[in-house]
Amino acid sequence: MSEIFKGIPEIKYEGPKSKNELAFKFYDADRVILGKKMSEHLPFAMAWWHNLCANGVDMFGRGTADKSFGAVPGTMEHAKAKVDAGFEFMKKMGIKYFCFHDVDLVPEADDIKETNRRLDEVTDYMLVKMKETGIKCLWGTANMFGNPRFMNGAGSTNSADVYAFAAAQVKKALELTVKLGGRGYVFWGGREGYETLLNTDVKFEQENIAYLMRMAVDYGRSIGFKGDFYIEPKPREPMTHQYDFDAATAAGFLRAHGLDKDFKLNIEANHATLAGHTFEHELRIAAINGMLGSIDANQGNPMLGWDTDCFPWDVVTATKAMYEIIKGGGLTGGFNFDAKTRRPSNTYADMFKGYILGMDTFALGLIKAAEIIEDGRLDKFVEERYSSFGSGIGKKIADRKTSLSELADYAAKLGKPELPGSGNEEGLEEIVNQILYS
Ligand code: XLS
Ligand code: CA
Ligand code: CA
């Protein structure tokens, strides 16, 4: 097999002063931060769909990037060329994981038996490459939103036949994830939602989605899948109302349907902002629910209200995200760059620059989050802020050893309580800036 990304070397760490566009300035895989190597804190993954399939097509124009990799698109030869390109790319980038949808790997046939045969063939080829390179699968998933059959949803469809088809895809995608040793399996509810209540039985649809997930857990465990299942929340797009709106909604759904032991969350930054939250908010909600699973590392464009999947370059957000992840005990998954270069960034070199930007942004985020934690002033402030619960009546509340009557008597004796103390927001922001920029 000949080299595809000719002229692009292995990407090395050259440090913050380097002017080489094809080098890391901050991601230094072996550098130890808080007792662990950067590469262990940051298991980065390549998204098969954006990096190897998306060519810049949008609703106003055709693709601008050539992702044929020397083969005719729509053929098995092309499916294998994408494998060659993907492994060469990951090797040159020093990326150890990839994520995939079933239909990213092969052209879909009309008959699912033929699609599955093609999937077997391509994954045999991927396994050889995985053995050669040591590259692994982070998570797999089934695309249950692209094909017109899913126009009314997959688990939430009104058609029993389409539901069965979705189940068949989940079954196969789970088998492939196990075959490739994937750490996780994702459900992103692409069209699991509704356009109008006038034609929708919300309760029935949600129960059907949960049943599909239950069957996936049972089947996955029966074929040896030991990893986590993930829900990836998103509030809208493509559907007007998506059932897994945000982390809190998804956590409630998982609990309501008894799925919380097997599922965690895959939090995507751009989906957080579409939900009107920050990325770090979604991470905190996942963490306090014991559901901090994996990350889709990207960012939105605040000028645009849709899912732009830009490469992450906002270091402040990456720092806050890494702070939440470290404080939350880390991920069971990793950092999947569900991100694409902008349409005019259409060269092979741009593919590398996108990943260099994303990896350097999270490396900086990690370095700065660790400094904030080691500095300790934020932790100390938060501890003191709640210190009234450390003794007296506060301790009784914290220990759940009081009652409304006792608290009412206490309040009556108190007269007017003192104000609860400054939140010191500006002071804390100054500390963060001081650590970020000094
Ligand atoms: C789309 C989602 C999708 C999932 C995987 O908005 O981000 O790409 O990550 O199906
Ligand atoms: Ca995603
Ligand atoms: Ca997205």
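Just so you know, glycine gets a Cβ as well, placed from its N, Cα and C.
Taken from TrEMBL, the feature active site applies to His101 (among others). Around the Cβ of His101 (active site), the number of neighbouring Cβ atoms within 10 Å comes to 22.
Taken from TrEMBL, the feature active site applies to Asp104 (among others). DSSP assigns Asp104 (active site) to a helix. Counting Cβ atoms from all protein chains shown, Asp104 (active site) has 22 others lying within 10 Å of its own Cβ.
Every protein chain shown contributes to the tally, and the Cβ of Asp296 (Mg(2+) 1 binding site) ends up with 26 other Cβ atoms within 10 Å. What TrEMBL records for Glu232, Glu268, Asp296, Asp338 is Mg(2+) 1 binding site.
Taken from TrEMBL, the feature Mg(2+) 2 binding site covers Glu268, His271, Asp307, Asp309. Long-range Cβ neighbours of Asp309 (Mg(2+) 2 binding site) (same chain, at least 6 residues apart, Cβ-Cβ under 8 Å): His50, Asn270, Asn298, Asp338, Ala339, Lys340. In three-state terms derived from DSSP, Asp309 (Mg(2+) 2 binding site) belongs to neither a helical nor a strand segment and is classed as coil.
Not one of the recorded positions His101, His271, Asp307 places a Cβ under 6 Å from an atom of ligand 2. Annotation: His271 are the recorded positions among His101, Asp104, His271, Asp307 whose CA atoms are within 10 angstroms of the CA of Glu232 (Mg(2+) 1 binding site). Comparing the Cα of His101 (active site) with the Cα of every entry in Glu268, Asp296, Asp307, these being the binding-site residues, the smallest distance points to Asp296.
Other residues of the same chain near the Mg(2+) 1 site, with their Cβ within 8 Å of the Cβ centroid of Glu232, Glu268, Asp296, Asp338, are Trp188, Lys234, Asn266, Ile267, Ala269, Asn270, His271, Ile295, Asn298, Asn336.
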